[in-house]
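Encoded as structure tokens, the structure appears first; notes follow it.
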Number of protein chains: 2
Amino acid sequence: MQEPVKAGLLGLGTVGRGVYKILRDNAANITRKVGAPVQISRVLVRDTAKKREVEIEPALLTDNIDDILDDPEIGVVVEVIGGIHPALDYVLAALERGKSVVTANKDMIALHGKELYAAAAAGGVDLLFEGSVAGGIPVIRPLKQCLAANRIQTVMGIINGTTNYMLTRMTREGCSFEHALQDAREKGYAEADPAADVEGVDAARKLAILASIAFNSRITVHDVYVEGITRITARDIAYARELNYVIKLLGIAKETADGVEVRVHPTFIPVGHPLAAVNDVFNAIFIRGDAVGETMFYGRGAGEMPTGSAVAADLMDAARNRLHHVPGLISCTCFEQKPLKPTGLVESKYYVRLQVADRPGVLASIAYAFGDKEVSLASVLQKHTDGEKAEIVLVTHRVREQNFQDALRLVERLSSVDEVSNFIRVEEEI
Amino acid sequence: MQEPVKAGLLGLGTVGRGVYKILRDNAANITRKVGAPVQISRVLVRDTAKKREVEIEPALLTDNIDDILDDPEIGVVVEVIGGIHPALDYVLAALERGKSVVTANKDMIALHGKELYAAAAAGGVDLLFEGSVAGGIPVIRPLKQCLAANRIQTVMGIINGTTNYMLTRMTREGCSFEHALQDAREKGYAEADPAADVEGVDAARKLAILASIAFNSRITVHDVYVEGITRITARDIAYARELNYVIKLLGIAKETADGVEVRVHPTFIPVGHPLAAVNDVFNAIFIRGDAVGETMFYGRGAGEMPTGSAVAADLMDAARNRLHHVPGLISCTCFEQKPLKPTGLVESKYYVRLQVADRPGVLASIAYAFGDKEVSLASVLQKHTDGEKAEIVLVTHRVREQNFQDALRLVERLSSVDEVSNFIRVEEEI
């Protein structure tokens, strides 16, 4: 029997418990697949005296990171603390000491990926982070291995479970954003401060990670255009349905002739799109490659056991690579530096909802304003609200962002237009 | 620059051409990801003089397998001939000579997987076959690596594109099996002899491969219970819709307390199931693991470029493993020999369509016959066809196959029952 591969676990929160349980419950199979037992030999916690939700030998617990960093027997460090500090320092120290690192920390990878990969390369070790995007759904390894022969053209994903749950509620029940948020809080899907979720920042971090791998070019969270779902109303949801769309918060990354575009925003997608049926807290990532065509990866995007599943699998790979003396077998793939596409050049269709005066000629003046900036209209719905005011909903053809914004400014200035209530991008690609 | 890893390609048909094109068109990226160029240095064809649909240097072509087997520079053999003979002999010979093998040959893997893995282990090389199941969709490597920490409970997939295309046509247009088959032939999706597709054998081969990996126990195509779609009528499709189901040809593999069940048959699945929206020639595999929960992998299940994508990715892995001197890093995972569940013990719900006499008491006698074998009914629709005859459609609760078959025999013998027109299994699991 091979000597066990020893790992240090940083953090025993939700994901840490999941990893610990999986390694314990599926130990026999994991041992056979790796070729040696994989053993959590030390666990870093803030308070070693605290009562734990998982049964764990007290002697394994420590509140001193050096007990793990200085232990030469520990070959792999599993970081599931989250956040930048102190996780980043711990991980860098582990890599520098030649320990492979497995992490589920999207904040850290999306911001410090380059630095971390450099440290992993210097240490000659693995840096694996499947758990950082879309919980248990395999997507990073599929991109790095299974689809590696493709030139990836598009990555488009529902990568935030909280907002997908909220939009699902709003779509099914016609309720408001506030009501859906309250519901998500009660179910434990939304945190006390839901900003990172509802404002799209969480999705932007994950998209930065996916896009970096898909396009072989480093993209950080700062490169991502971000819009959250806070402006989505029950009315927009209802119009989406009437027009045969659903609204999803999508992370969209595309490689185009003008550069790479990376954006997170609420999006109209056709009801027949594979992503349209992804509901509740489920995540899914749609990927188009030049050879494989359209693929999609679907599953639970968060949680103790799903994310634990991804982290445990990475740990198995890191352990196997150590056993065979090939740590770092598959490492950073950001070989290129591709330009970002300027936001004004990004093309999309747009849904626009306007409050206008209900009199002849108003629609013509709006159409004229759009036309003036070369924005042509695909469909227009005029809804009478009372004798004096009307609501107009229109969908444009594909147009550059700059032209659309210019046209919108013209429309806003029309005397017959009271308000631009909302505009939402429309993605037709299947 | 590293020396190229040289590969011999056996076959230059649809998939072979795809592999060749992908390696040519994405060479720069492939080189960087592998760490060395991956080069097809020889191609085995039947007729070296034949005009090819892909531009290829004539000197690469050979009709003599020994030109590849005896070339010590060739480290990887890519087999895309298909079928058992001569592919099996060629692949075994390659493995014995210490060459890694990549194949998309489901027939061969489903029938000779054990023998092939033994040869790969003896030769100390890789045997990779992602392309053998579901074309370009990553599913074998996700099972072997990304979901490796899970105990897999269920694998349920649409893994034959031809029949999925036909069922999609039948569902959308209400057309007959024969019409759908004609359509599939005209589109090039069905072969001249469509038996392997429409009778479920092709799906059974792929299911055997998936189940072997999922449950770590060797399952061959002979272990799979197989029923095709030839008995599905437009009437069944219409009733499915009325009952809020769609009919799909599914491969279903489950591990239960009574053993492993593996079966391919037409199946009613709820319209809300992730697999229900998988249409046309698309494939999808739904996998449930104890940690990850529900996941699904979706994409194109066949074709030059999609299957080429999977084969090229395997070739990249095999090449990388050779470069790092770790061929066979991840090999056979059939560590156990799990018993198969006897067919009579397999549990399911059933849809049944009956032609009966239209008179009082008939329904009661049918319900009584089912009840006699402990089959309880979840729903019953009685449709009058004329004054004398009626059609009854019923759905049972979950029941053992043996009880259902016994009950059906009782029902068939009832004087008021003219015919059992069809019965189809119903899968509710989401």
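Numbering starts at 1 and runs along the chain as it is shown here.
Glycine is treated like the rest: Cβ placed from N, Cα and C.
Copied from TrEMBL, the annotated features are:
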| type | residues | note |
| --- | --- | --- |
| BINDING | B:K106 | NADPH binding site |
| BINDING | B:E191 | L-homoserine binding site |
| ACT_SITE | B:K206 | active site, proton donor |
| DOMAIN | B:351-430 | domain 'ACT' |
For the domain 'ACT' (B:351-430), residues assigned helix / strand / coil by DSSP: 24 helix, 35 strand, 21 coil
Cβ-Cβ neighbours of B:E191 (L-homoserine binding site) (radius 10 Å): 12
Cβ packing number for B:K106 (NADPH binding site), 10 Å threshold: 24
Distance [Cα-Cα, Å, rounded] between B:K206 (active site, proton donor) and B:K106 (NADPH binding site): 6
Pairwise Cα distance for B:K106 (NADPH binding site)/B:E191 (L-homoserine binding site) [Å, integer]: 17
Neighbour tally for the residue listed as 'active site, proton donor', based on other Cβ positions within 10 Å of its Cβ: 26
Across the domain 'ACT' (B:351-430), average pLDDT on the 0 to 100 scale: 94
